[in-house]
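Here the structure is laid out as structure tokens; the discussion comes afterwards.
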Amino acid sequence: MTQTIALNDGTSIPTIGFGTYPHDGDDSAANTEHALEVGYRLIDTALSYENEAEVGEGLRRSPVSRDEVIVTTKVPGRHHGYDGARESFAASAKALGLETIDLLLIHWPLPRLDKYVDTWRALVDLQKEGLVRSIGVSNFTPDHIRRLQDATGVTPAVNQIELHPYFQQHEQRAFHAEHGIVTEAWSPLGRGGDLLKEPTLVEIAESLGVSVGQVVLRWHIEQGIVPIPKSKNPDRQRENFDVFSFSLTEDQIAAINTLDKGTPIWDQDPNVYEEF
Ligand SMILES: NC(=O)C1=CN([C@@H]2O[C@H](COP(=O)(O)OP(=O)(O)OC[C@H]3O[C@@H](n4cnc5c(N)ncnc54)[C@H](OP(=O)(O)O)[C@@H]3O)[C@@H](O)[C@H]2O)C=CC1
Ligand SMILES: O=C(O)C(=O)[C@@H](O)[C@H](O)C(=O)CO
């Protein structure tokens with residue numbers, strides 16, 4: 001059975017999800033279908049990924065029942081504002097072929113536009129209307145989240161942020177813990193780069209007889225962080241989900257915690273980064 005983590009709105013989500021961007025021209029439908037076969041029950045997409053139709057097709061092809069799957073999508077910068085966010089929801093739902101979306105996030109805050117609070121008001125209403133089950137944000141700093149709370153009284157259920165052993169985001173996570181926000185980790189494997197060759201991780205992986213990727217994902221899960229690894233490779237999709245039959249010791253977690261460089265791998269500061 002899928003392990004889950006509670007959200008602050010009374011629902012829950014699986015402790016690991018499946019990222020779907022980018023699939024490099026591959027068949028997102030086949031990837032989604034295979035991910036469901038492997039056992040993933042949390043699927044991450046976005047209007048901007050331009051693959052919602054294929055993700056929806058994968059859901060329909062799969063024998064896994066719709067109500068077992070949490071489908072996440074996101075409102076991009078070009079749809080910020082109250083009406084824009086509602087239009088974004090409608091476009092995503094249509095593309096996915098779904099009447100309701102399980103988790104809708106604001107993709108980036110784009111503070112210069114100063115529309116993320118109105119965008120949030122739309123998500124709050126969509127949730128009240130039963131069109132969206134849970135609502136959250138992505139790439140929001142504590143200041144951005146405080147503004148949402150002050151304006152609406154509604155705290156996001158989730159904040160999806162870059163998070164891996166090289167960028168551990170301790171302050172942001174402490175803020176989330178204080179406010180009952182679940183942290184989702186994008187690029188949990190550092191996009192398969194140098195992180196997976198890191199000697200400390202290689203040593204831990206060898207001692208446990210698992211892969212470095214599995215160690216990294218287990219590190220997330222053991223700290224209550226929900227990783228959403230992406231893979232277009234069926235074997236790696238399976239490997240990344242196979243992280244529930246071993247655990248890390250406190251010493252191993254402490255050793256991984258020393259790897260934090262304190263800076264993101266990509267130059268995407270949420271205070272200034274704009275993606276439309
Ligand atoms: N909210 C946001 O702003 C953002 C959200 N996201 C979401 O997060 C998801 C994951 O992040 P992403 O940036 O893709 O990075 P990941 O850290 O998930 O890394 C994906 C890369 O690692 C490779 N890989 C996957 N599994 C393994 C493994 N076990 N061993 C070695 N290499 C592996 C993949 O290659 P291959 O496919 O060949 O296996 C791919 O190149 C995205 O798909 C998207 O859904 C991502 C960025 C920003
Ligand atoms: O993948 C996403 O969700 C994004 O927000 C992208 O911006 C991603 O970070 C990227 O590909 C940047 O080059």
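Going from the start of the chain as shown, residues are counted 1 onward.
Backbone N, Cα and C define each Cβ position, glycine as well.
For the recorded site, Y49 (active site, proton donor), the DSSP three-state label reads helix. In the structure as shown, the Cβ atom of Y49 (active site, proton donor) sits within 10 Å of 20 other Cβ atoms. The active site, proton donor annotation in TrEMBL covers Y49.
For H107, the entry in TrEMBL reads substrate binding site. DSSP classifies H107 (substrate binding site) as coil under the three-state reduction. Other Cβ atoms within 10 Å of the Cβ of H107 (substrate binding site) number 24 in total over all chains.
Per TrEMBL, the feature domain 'NADP-dependent oxidoreductase' maps to 16-260.
Annotation comment: TrEMBL describes K74 as site 'Lowers pKa of active site Tyr'. Long-range C-beta contacts of K74 (site 'Lowers pKa of active site Tyr'), restricted to its own chain and to partners at least six residues apart, with a cutoff below 8 Å, comprise T45, A46, L47, S48, L104, L105, I106, H107, S138.
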